[in-house]
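Trainee: Not my notes, these are from TrEMBL:
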| type | residues | note |
| --- | --- | --- |
| DOMAIN | 14-88 | domain 'Immunity protein 35' |
| REGION | 78-97 | region 'Disordered' |
Amino acid sequence: MVLKRPDQGVVLQDAYQRAQELLDETVRRDTGDVVIVSCTEFPSSWVFGYQTRRFMRGDVMASMVGNGPVVVPKSGAEPYTGGSATPIAEQVGENPV
């Protein structure tokens, strides 16, 4: 179930859960223990950056590279993984809120 407010779309808590589910289905299946490390709100989406837990605890050799963020549209559309070659603001066509 997608939680939405009429004026704002998908709420942050639901977007976070949907991002976790996408990471479970894709990245964690191959990479293992990754954690969400950032969240940026855009007018039409929530964007979540992620990294390995080991890197966040100081193991620089465990860094993920080339991992685009998870984008969760506020419209309720399916979340997807953005690219890493261009800034996410260019990819979603908006500036952060």
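Keep in mind that glycine also has a Cβ here, set from the backbone N, Cα and C atoms.
Predicted, not measured: the structure shown is a model, and the values here were computed from it.
Burial and contacts for the listed features, if you can.
Mentor: Averaged across the domain 'Immunity protein 35' (14-88), the predicted model reaches a pLDDT of 95.
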Trainee: Please list the DSSP helix, strand and coil residue counts for the region 'Disordered' (78-97).
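Mentor: The counts are 5 helix, 2 strand, 13 coil.
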